[in-house]
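So that you can see what the record holds, here are the features copied from TrEMBL:
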{"type": "TRANSMEM", "residues": "12-39", "note": "transmembrane segment"}
{"type": "TRANSMEM", "residues": "45-65", "note": "transmembrane segment"}
{"type": "TRANSMEM", "residues": "77-96", "note": "transmembrane segment"}
{"type": "TRANSMEM", "residues": "102-121", "note": "transmembrane segment"}
{"type": "TRANSMEM", "residues": "152-171", "note": "transmembrane segment"}
{"type": "TRANSMEM", "residues": "177-194", "note": "transmembrane segment"}
{"type": "TRANSMEM", "residues": "206-224", "note": "transmembrane segment"}
{"type": "TRANSMEM", "residues": "230-250", "note": "transmembrane segment"}
{"type": "TRANSMEM", "residues": "257-276", "note": "transmembrane segment"}
């Protein structure tokens, strides 16, 4: 029988490749890469830290794709990115501050939550699209003398603005602690409380998730560099770069429902495996 741990470079590359490719179409690719690392024999804490650090290059590509949408939503980004990044610091410190046994006990439920969010993702997107349809035409543009945000403000008042900032902070904590499916959570939350359209939601989601991953990775490097398996991170990063490009083109030929079902099966299997082992 082949010992997968002896093949860790290939497993790390495959994990990154799957995460990068699936993220292009469905999101939550780390729900596949994380179990692959567990099957290869990596401890849960090592696997999640390597995932968080290694996926950063792949996440950056999504920000580049949506750079035009981000340019018109600079005011919204200025509100949410610092809050989510601060949450990422807290989440990363919580991950490092508690014994690894705590994370091992919690992670099956986090994987289960992420899997549920993948299932609910289409419903969330349909609800946001329906809201956009019923709200009438595209958001009106502000006066040309207000260059900071081109479209109308994302939030309707002080209460929803405060809720958006607090929510981004809380979701940043989740992302810093366990990165899988944080983007789906963010889309669902902002889709409910804001007036952002889906393309703007995707753009802001990509940037805030990247911010959380970068800041969490920085915390890991500064506070506990010994916990980072750098050779594994490098393999994941290279795999994610290829997965986002080559794998993404292949993944787009497949039905999103098929990919989503694959992620759900892997997520459920991982949760059950970690609960009974």
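Glycine residues also receive a Cβ, built from the backbone N, Cα and C atoms like all the rest.
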Inset, instruction - Using a Cβ-Cβ cut-off of under 8 Å, list the residues of the same chain that are 6+ residues beyond the ends of the transmembrane segment (206-224) and lie near it. - result: 49, 52-53, 55-56, 59-60, 62-63, 65-66, 70, 77, 80-81, 84-85, 87-89, 91-93, 96, 168, 172, 175-176, 179, 182-183, 186
Inset, instruction - Residue list, the transmembrane segment (152-171) vs rest of chain: Cβ under 8 Å, 6 or more residues beyond ends. - result: 73, 75-76, 79-81, 83-84, 86-87, 139-142, 182, 185-186, 189-190, 193-196, 200, 208
Inset, instruction - Six or more residues out from either end of the transmembrane segment (12-39), which same-chain residues have a Cβ under 8 Å from its Cβ atoms? - result: 4, 46-48, 50-51, 54-55, 58-59, 62, 111, 114-115, 117-118, 121, 179-181, 183-184, 231-232, 234-248, 250-252, 254, 256, 259-260, 262-263, 266-267, 269-270, 273-274
Legend entry - the transmembrane segment (257-276) and the transmembrane segment (102-121) contact flag, 3+ Cβ pairs under 8 angstroms: yes
Legend entry - Range from 45-65, 77-96, 102-121, 230-250 with the greatest count of C-beta pairs under 8 A to the transmembrane segment (177-194): 102-121
